[in-house]
Amino acid sequence: MHATRSDACIATVYIIRIASPVSLGSETFGWVPVRFMAEGQSPAGQSGQLPDLSHNVKLDYVRLGCRYLINHILTLLSISLVAAVAIEALGTRWLDLAYDLQSVLVGFVVLVLGSTVYLMTRPRPVYLVDYACHVPPHKLQIPLRLLKERWRNFGTMDEPTLQFQLKVIERSGLGEETYAPEAMHSVPPRPSMALAREETEQVMFGALDALFENTAVNPKDVGVLVVNCSLFNPVPSLSSMIVNRYKLRSTVRSFNLGGMGCSASVIAVGLAGDLLQVHHATYAVVVSTENITQNWYAGSRKSMLVANCLFRVGGAAVLLSNRLVDRRRAKYRLVHVVRTHRGADDKAYGCVYQEEDDDGNVGVSLSRDIMAIAGGALKANITTLGPLVLPVSEQLLFLAKLVAKKLWSDRTKQHIPDFKRAFDHFCIHAGGRAVIDELEKNLELRPVDVEASRMTLHRFGNTSSSSIWYELAYIEAKGRMRKGHRVWQIAFGSGFKCNSAVWQALRNVKPSPHGPWEDCIQRYPVQTFHQIASPQQDAQPQPQQH
């Protein structure tokens, strides 16, 4: 349908149809908000939190969102008008038509041609047949105690750097069962191209093996392949690695998206969905991952250290189809993909930037402005998404208060639509505890709405763009997904972008075999740092366990 030191950073989300061209190639690494502390205070005028979404809604974004809605309305009105004219004509001239063979033939030809044009030009439905999330072997788990111990033994960190990372990890919301790559289990870490390839192959092939086994799809039937990984793009490409491993056919349309950050899975799904509009009766596979081995930051700049604390090994593979025969076994149908890109603004473009520090160590630097920039991107995205998904009553209330604000008082609090009336489940990218807290507050969500994000962060850490699929798997494992339910996936990425995908469940969805939560779902939800710091939330009723 889009470098400076930092006191605060963001790392946040969710599904699928795109309205603007997808950028192929390298933008900078994509995060979304995870607040972290550094020396000093935030710059004047900055609270270190997402801006209040109830103010400064721009009419440009309202017009853009309404334009999408109006396009669909005009189509419906045109069809209704043609039908009304046809009924009237048949009612008034039925006797004449009964004896006028030429008119009957002309009418029949027009009807057939019109129906053919409609069937050929209408958007093809895109179905999510199934998906699989990779669970690394147990030996790669890195409990927080072990992580702290190894940091102390590295010998490359001064005491302030070590204490900063310890403080971040203690407040991160990560649990004791996240996974680090093989290279990070050595003291000191020994990243290399060979180990980076080994990590990526283990993740991608592990997820794809499970996906093809669960769906019984022959890899040679795949017509579209889209792979996204921000910071590891070797030659041959990751998509070529998959083509070679599974011997995909020579005509497969393969794409490799690099540098697009934590929102890249939504972009990849949108691209695959667009390709399924023009390639008939085929499958599309989307693979989302990130490489940790080659992106360990060995310096001391605090704006670059957060990645070491939050990012963990993970990845997901998604099977999409436009074949009507697959509707009966598919889990979801792609409803919308809405992308917001703020890259035209210099501050937004540079707020997440890969560069070298003063000692030549490569890392991703996060600007002090990232929270405000992410808030603006989020505001633009949800204002565009609202007219597509919200009930008419919510839209009218939003419009009325917007007009009142413009006509009578700039201090009038803008109405924030209740997205709980549009969506049954929320998949907010598990980039960090702070971003989940802020979105829960600003969108007025309930604890159960962000439970999947918090528990994914606790169990698997920040797995970058694939985290939204672990969250979706959590909802399924809890037995909460019912036919007709709508899911909102939302993520932020470098550039700066905020992307949303909306899915609708086609049946009561059960978890697929060998899912990521299969051996631990009975232990969740667990108490996290957020709940310890805010004990009043313990009084909130927990969802029924299944």
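Every residue gets a Cβ built from N, Cα and C, even glycine.
Feature annotation (TrEMBL): of 8-26, 255-273, 274-292, the stretch labelled transmembrane segment is 255-273.
Through the fold, the transmembrane segment (305-325) approaches residues 9, 11, 16, 34, 36, 124-134, 136, 140, 161, 164-165, 168-169, 172, 174, 178-181, 199, 203-204, 206-208, 210-211, 215, 217, 224, 265, 269, 272-273, 276-277, 279-290, 292, 295-297, 299, 334, 363-364, 366, 431-432, 460-464, 466-467, 469-470 of its own chain, all at least 6 residues removed from its boundaries and within a Cβ separation under 8 Å. Confidence for the domain 'Beta-ketoacyl-[acyl-carrier-protein] synthase III C-terminal' (423-504), expressed as mean pLDDT, is 95. In the shown protein chains, 35 other C-beta atoms lie within 10 A of the C-beta of CYS262 (active site).
Recorded residues HIS425 (active site) and ASN462 (active site) have their alpha carbons 20 Å apart, per Cα-Cα distance. Taking CA atoms as the reference points, ASN462 (active site) and HIS341 (active site) are 22 Å apart. If you compare Cα positions, CYS262 (active site) sits closest to HIS429 out of the active-site residues HIS341, HIS429, HIS458.
A Cα-Cα distance of 13 Å separates HIS458 (active site) from HIS429 (active site).
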